[in-house]
Structure formats: structure tokens, C-alpha cells
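**Student:** Take a look at this one; I'll ask things after.
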Amino acid sequence: MFPMVTGFMNYGQQTVRAARYIGQSFMITLSHANRLPVTIQYPYEKLITSERFRGRIHFEFDKCIACEVCVRVCPIDLPVVDWKLETDIRKKQLLNYSIDFGICIFCGNCVEYCPTNCLSMTEEYELSTYDRHELNYNQIALGRLPMSVIDDYTIRTILNSPQITSE
């Protein structure tokens with residue numbers, strides 16, 4: 001008879017312990033319910049990129065001296081620089097400059113080592129397309145400045161703050 005009583009007592013203790021664990025986990029869940037969300041609704045809300053963000057490369061054709069330093073420092077020899085030598089003035093004349101962003105790793109070496117600062121990184125990071133050949137930007141496409149996320153009234157921008165406010 002005693003083993004049966006101790007079995008019921010042991011069963012009761014296990015039930016109380018299980019109920020306590022369930023209650024503790026429920027309290028933890030409720031404590032997280034009043035916190036602000038960490039995620040954002042991406043297409044409609046965007047984070048403002050940091051100052052040193054490495055996005056699409058912007059190219060200024062008039063500043064380039066066709067020295068090809070960008071090609072030499074690129075780990076994958078990506079920028080394509082076409083030039084011809086003007087013998088009368090003894091200078092290189094830039095004909096074409098292109099970068100294929102389907103291959104680019106956005107390391108920023110070309111921007112860092114450019115002696116004339118004709119290359120710069122923009123805040124544009126949405127380069128997706130259905131055709132990979134559209135990612136090959138020539139000097140005209142590289143010269144376009146991206147539309148700023150801050151000026152777009154259809155997108156709510158969120159500053160780099162520790163917590164995101166919800167509406």
C-alpha cells in the first residue's frame with residue numbers, strides 16, 4: 001500500500017513541477033509581448049544606410065585619367081577601361097569605362113586607391129534584375145546618381161536607432 005501512496009505523491013510532485021515550468025515559460029513569453037519589434041517591413045520601410053556603406057559605384061567620366069589603378073587593385077580585375085593615347089598632347093583619352101555588378105564584390109579598393117577620386121560608393125543597393133546583362137554598367141549608367149532613400153516620400157525611412165518605433 002505504501003508504494004502506491006508514494007507513487008501518487010511522486011506523480012503529484014511531478015505535476016506541480018511541470019505546471020511551474022509551464023507557468024515560468026508563459027511569464028517569459030508575456031514579458032516579450034510588450035517589447036517593440038526588431039524587424040522592419042522592408043519594401044515600405046528602409047533603414048538609412050551608414051556613412052561608409054559600400055553600395056553601387058558612382059563614376060565621374062571627366063575626372064578619370066585612365067591610369068587603370070582601379071583595375072590593378074581590384075581582386076578580380078573587374079573594371080574595363082578602354083583608352084587611346086593622344087600623341088599630340090601625350091595623354092590618355094578615356095573612351096569607355098564599365099563595371100559588371102554581377103561579378104563585383106563591392107570591396108571598395110577601386111574607390112580607395114583612385115588618385116583623382118572619380119569613383120565613389122553610393123547608398124544604392126537594390127541592383128536586382130531578371131537579366132544578368134543589365135548589371136553591366138557603362139560610364140553613362142555609372143554616372144547617374146541614385147535617387148536618395150531619404151527624399152522618397154513613398155518609403156518611410158528609419159534612422160539607425162537601437163529600437164524601432166511601431167505605428
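In case you wondered, yes, glycine gets a Cβ from its N, Cα and C as well.
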**Student:** Write down the one residue from Cys67, Cys74 that Swiss-Prot lists together with Cys104, Cys107, Cys110 as binding [4Fe-4S] cluster 2.
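**Tutor:** Looking through Cys67, Cys74, the residue Swiss-Prot assigns to the [4Fe-4S] cluster 2 site is Cys74.
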**Student:** With an 8 Å cut-off on Cβ-Cβ distance and a minimum sequence separation of at least 6, pull the same-chain contacts of Cys114 ([4Fe-4S] cluster 1 binding site), or say none.
**Tutor:** Val69, Cys70
